Amino acid sequence: MSEIGTRVYTECDADLSLIQNVLVAVIGYGSQGHAQALNLRDSGVNVVIGLKENSASRKSAQDSGFEVLLPQEAAKKAQLIALLVPDPAQRDVYESAIKHNLSEGDALLFSHGFNIRYGYITPPDGVDVLMVAPKGPGHMVRREYLDNRGTPAVFAIEKDASGRCFDLALSYAKGIGALRAGAIQTTFTEETETDLFGEQAVLCGGLEQLIQYGYETLVEAGYQPEVAYFEVLHELKLIIDLIVEGGLSKSRWSISDTAEYGSYVSGPRVIDKHVKENMKKILGEIRSGEFANRFIKDQDSGANEFTQLREIAARHPIEEVGARLRALFSWSK
């Protein structure tokens, strides 16, 4: 259990002027970078973008009206640096562009704790280290902000050198619209470990494998691939929407009695206790740093394993069937 508790912080808990009174350098203009930069600017925050000279995102940021500098120039100019490039790239960007341009009293912000948790980045003393992590992809963060809503977030303080890091984190969260929905305090360790576990065991790895096995089981038994696709993949969104809206209980309330009964008697046989034991092993690899080491080692050597695994996944028959069906039906257009 977390020692922090489960208080939800909202807009009334934050002073927006704190982030409005500093210059923010957003390093990176990808999914989170573009969304957070645009939301901050629309909240009255002064923002510059830090991108390499040959970055494919440079024109997009300039077209959005931002001043675009080299990462080292942006870091030197700003008082808060939001490092929002992908995890594997953060070490090099930090070492080459940020590390020597941090001044005492500056703040370094992340939206995922990976590099701090596993020690790939160690900021100097005298610098605030904080995290604001929206619980949704960048396009959702931007869309919800424009619709006068917000994407929930978690935030964390790793190093409070200034004595105001907590308030600064809430101010930043308010600036990107997260406090409209609410934010929960966590730690870099908790955010990193639970985020990686959720991705690997449930949301991405576990779910994708479950879908593929379900599809293969039906097709191997002689059913049409198109029908199998509908039953194990397409209808998933309908169930997920219900779960997000009202938890597992709303999903059970909304489905037929046949489906509900079947879920009780068959679900635990598909996802049995061995699955939970495997989940515990995966969590152990995350907590020990074994996964991080494997991932970074592969990235540093050219991402050969990652590329091979991606190619294998792309060749699964469900991909071709899905692409063909989505091209035929109006719901995908």
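Cβ coordinates are placed from backbone N, Cα and C, and glycine is handled just like the others.
Per Swiss-Prot, the features are:
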type	residues	note
DOMAIN	6-186	domain 'KARI N-terminal Rossmann'
BINDING	TYR29, GLY30, SER31, GLN32, LYS52, SER55, SER57, ASP87, PRO88, ALA89, GLN90, GLY138	NADP(+) binding site
ACT_SITE	HIS112	active site
DOMAIN	187-332	domain 'KARI C-terminal knotted'
BINDING	ASP195, GLU231, GLU235	Mg(2+) 2 binding site
BINDING	ASP195, GLU199	Mg(2+) 1 binding site
BINDING	SER256	substrate binding site
(Q) If you count other CB atoms within 10 A of each CB, which of ASP195, GLU199, GLU231, GLU235 wins among these binding-site residues? (A) ASP195
Q) Relative to the Cβ of HIS112 (active site), which residues of the same chain, six or more apart in sequence, are found under 8 Å away? A) ASP87, MET131, ALA133, GLU191, THR192, ASP195
Q: Determine the minimum-neighbour residue: among SER31, SER57, GLN90, SER256, listed as binding-site residues, which Cβ has the fewest other Cβ atoms within 10 angstroms?
A: SER256
Q | Across the domain 'KARI N-terminal Rossmann' (6-186), average pLDDT on the 0 to 100 scale | A | 98
Q. Can you tell which of the binding-site residues GLU231, GLU235, SER256 lies nearest to LYS52 (NADP(+) binding site) in space, using Cα positions?
A. GLU235
Q) Going by C-alpha positions, which of the binding-site residues (GLU199, GLU231, GLU235, SER256) is nearest SER57 (NADP(+) binding site)? A) GLU199
(Q) Considering Cα atoms only, can you say which of GLU231, GLU235, SER256 is the nearest neighbour of GLN90 (NADP(+) binding site) among these binding-site residues? (A) GLU235
Q.
Measuring Cα to Cα, how far is GLU199 (Mg(2+) 1 binding site) from PRO88 (NADP(+) binding site) in Å?
A. 17
**Q.** Cα proximity to SER31 (NADP(+) binding site), best match among binding-site residues GLU231, GLU235, SER256
**A.** GLU235
Q. What is the nearest of the binding-site residues TYR29, PRO88, SER256 to GLU231 (Mg(2+) 2 binding site), using the Cα of each?
A. SER256
Q. Just how spread out is the NADP(+) site if you go by the largest Cα to Cα distance in Å among TYR29, GLY30, SER31, GLN32, LYS52, SER55, SER57, ASP87, PRO88, ALA89, GLN90, GLY138?
A. 21
Q. If you draw a 10 Å sphere on the Cβ of LYS52 (NADP(+) binding site), how many other Cβ atoms land inside?
A. 16
Q | Other CB atoms, at most 10 A from the CB of PRO88 (NADP(+) binding site) | A | 17
Q. Compared by Cα position, which of the binding-site residues TYR29, PRO88, SER256 is the closest one to GLU235 (Mg(2+) 2 binding site)?
A. SER256
